[in-house]
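Features as listed in TrEMBL:
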- 68-313: domain 'Cytochrome c assembly protein' (DOMAIN)
- 12-31: transmembrane segment (TRANSMEM)
- 43-62: transmembrane segment (TRANSMEM)
- 74-91: transmembrane segment (TRANSMEM)
- 138-165: transmembrane segment (TRANSMEM)
- 223-246: transmembrane segment (TRANSMEM)
- 261-276: transmembrane segment (TRANSMEM)
- 288-312: transmembrane segment (TRANSMEM)
Amino acid sequence: MIFLTLEHILTHISFSIVSIVITIHLITLLVDEIVKLSDSSKRGMIAAFFCITGLLVIRWVYSGHSPLSNLYESLIFLSWSFSIIHIVPYFKKNKNDLSIITAPSVLFTQGFATSGLLTEIHQSEILVPALQSEWLIMHVSMMVLGYAALLCGSLLSLALLVITFRKDITLFYNKNNVLNFNESFSFGEIQYMNKTNNFFGNTSFFSVKNYYRSQLIQQLDRWGYRVISIGFIFLTIGILSGAVWANEAWGSYWSWDPKEIWAFITWTVFAIYLHSRTTKKWPPANSAIVASVGFLIIWICYFGVNLLGIGLHSYGSFILMSKESL
């Protein structure tokens, strides 16, 4: 009983902290000079990470198996993966340009996992025979980490497309109102203003604005490529380990199961993205379109297939509300 109470407390604490962090992010977008708020946001996200980690450890202890056996647990692990991506840049003492994406992602997954839609599978139960394998941790953890990285990279690509094709969005560099071309560029320091503002009457400002728009697009493209590359590696390892596990459990490496097919489609889409990034003839926007399509494919693979409730992964369906989400 004490474990369930601790899990419940940690779940609500982490959700509340992330909500506060997002509020702080919104404030710092409006008032960039408030350094203390930015530091509080950093500390808050680290605290949320430890809360989610504690939640997973507690669930592992009292259930007797890794907390990756159903949709609720995989969503908690997904939010933990987003928080990992959020705090990793802090180790390099750089400004976290991914925070505007990762923090809401943690809030969304955490909120959905603890919502009333999944209350029937919050309680941990004995694993079904198909999941009683040492491959469970390897396969599911790699897949979820891959999903998290690929989703973050895809959202960066979506942001790139918005900035590229929305001509009515204007950018300016906000740091003591001084434009310094020698400083390293960070798209976290860019703010958006409407064209109708009188401040945009200066012709020279438009050339500077276009410069920073170009720099922002390059930064988004570079970050998206890096994050998607990492996610693609995790996804590849997850699919390969799943094939080995499938051979042990079902006697075949590949069974054309709906989940397997959509996982392969996801892998193919992002393989095309990575290939397009090596083709100099392709502008960043074209590669970003591929990654944006991949964003939808991931959610189909992760949630959409579960709605069908058929195939070898049917125990992960919403209909049955039982044992696995991957």
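Every residue gets a Cβ built from N, Cα and C, even glycine.
Keep in mind that this is a model prediction, so the values were computed, not measured.
When each of 12-31, 43-62, 74-91, 138-165, 223-246 is scored by its Cβ pairs under 8 Å to the transmembrane segment (261-276), the top-ranked stretch turns out to be 223-246. Contact count against the transmembrane segment (12-31) (Cβ pairs under 8 Å) is highest for 43-62, out of 43-62, 138-165, 223-246. Mean model confidence of the domain 'Cytochrome c assembly protein' (68-313) amounts to 76 (pLDDT, 0 to 100 scale). For the transmembrane segment (43-62), the residues of the chain that approach it from at least six positions outside its boundaries are 3-4, 6-7, 10-11, 13-14, 17-18, 20-21, 24, 73, 76-77, 79-80, 83-84, 86-87, 90, 99, 103, 106, 110, 124, judged by C-beta separation under 8 angstroms.
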